[in-house]
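A.B. asks: This structure is in structure tokens; I'll ask about it shortly.
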Amino acid sequence: MSESALQEYAVRVGSYPAYIYDLPGLAEHAAAIRAALPGTEIYYAAKANPDAEILRTLAPHVDGVEVSSGGELDHVRTTLPGMPVAFGGPGKTTEELSLAQRLKVERIHVESPRELSRLPGPAGVLLRANLPLATPGAALSMSGPFGMDEDDLRECARRIAGTPGVELRGIHVHLASGLDAPAMLDLAHKVRAWAVPWLEEHGVTGPELNIGGGMAVDYTDPEARFDWRTYGKGLPSSPRLRIEPGRAMTAYHGWYVTDVIDVKTTRGETYVILRGGTHHLRTPVTKGHDQPFKVLTADGPETTRATLVGQLCTPKDVFARDVPVPELATGDVIAFTMAGAYAWNISHHDFLMHPKPAFHYLRGD
Ligand SMILES: *Cc1c(COP(=O)(O)O)cnc(C)c1O
């Protein structure tokens, strides 16, 4: 959907705060990603935004969905019956593993030998590897309790070989997030160089390699996009390859729109106080950035600087700090862009008990 149509809609909404999702724009973006990666399976990482309308919009353009909890698993199976699902994440409970069994999840990403021993029955398994590969430039390095070292991987392979019904299908890796295409490719080739001989050695035929998500999203440059074409051209054509992007798929097609309640200057700082707050859009606080925004109703020059805050009684409730803005008054409407991933669903909605935002889904007709 065109930027101007979106802006018009956002102003017409009239009741704030509101999330607006541009579904035609999202479909177009996902189709372009699909076209750029002809030989690679794309599993959307539901944790970036599991909204049912978002899932249904992405469905025709992806090969599956990656889920990280029993809750996501249940939700995705209900919303998109028949869509292949991979279940990952550390700390899967016995109940979650049973649910995965009951819902016949296509792939389980096993994170430890102990987890493997708790699988209740037949399963197609990828072992999650924590490889000692440097990821310079990453926004977030996935160091922590994710995946296994070589000895635990070998132990898992040995146990799987002795467990009827449990099949070792490949390796899963998700090492960092916020990498550009050349860095992601470099990582992919290093992972492949290790994984292919390892899987051969363990007798896996038709092996699968899931190299994770983490494609960069630059909040300081809303026009920038991860270079999917370069990425697609550089990816190896074998073994069977899978990625699981989240943020870079949905970030660009959600807006959090709200209006000005008050403008004030105290101790030399000007604050624009907006309806709602970071309990609806926590992204700038968690990522430590200024959330990109557009002022929709005041089109004068950016003559002042101000800090855009919400209604919460904490100095952390900041969307954007000391940014250039036009003269603003009560009732002016501001749209925070790039609010389609890790936005509403990662926020602490109930803090202070303000009303929840409305959700609008643009369908382009
Ligand atoms: C979060 C996560 C993803 C998605 O990461 P993005 O940065 O949103 O692309 C993919 N795989 C795993 C295992 C994850 O934990």
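Every residue, even glycine, has its Cβ placed from backbone N, Cα and C.
Below, the features straight out of TrEMBL:
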type: ACT_SITE; residues: C313; note: active site, proton donor
type: DOMAIN; residues: 21-340; note: domain 'Orn/DAP/Arg decarboxylase 2 C-terminal'
type: DOMAIN; residues: 28-251; note: domain 'Orn/DAP/Arg decarboxylase 2 N-terminal'
type: MOD_RES; residues: K47; note: N6-(pyridoxal phosphate)lysine
A.B. asks: My understanding is the cutoff is Cβ-Cβ under 8 Å with a sequence separation of 6 or more in the same chain; which residues meet that for the residue listed as 'active site, proton donor'?
C.D. replies: L352
A.B. asks: What number of additional C-beta atoms lies within 10 angstroms of the C-beta atom of K47 (N6-(pyridoxal phosphate)lysine)?
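C.D. replies: K47 (N6-(pyridoxal phosphate)lysine) is surrounded by 21 other Cβ atoms within 10 Å.
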A.B. asks: Specify the secondary structure state of C313 (active site, proton donor) as given by DSSP, simplified to three classes.
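C.D. replies: Its secondary structure by DSSP: coil.
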A.B. asks: Provide the three-state secondary structure of K47 (N6-(pyridoxal phosphate)lysine) computed with DSSP.
C.D. replies: helix
A.B. asks: Note the mean pLDDT of the domain 'Orn/DAP/Arg decarboxylase 2 C-terminal' (21-340), expressed as a whole number.
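C.D. replies: Taking every residue in the domain 'Orn/DAP/Arg decarboxylase 2 C-terminal' (21-340) and averaging pLDDT yields 96.
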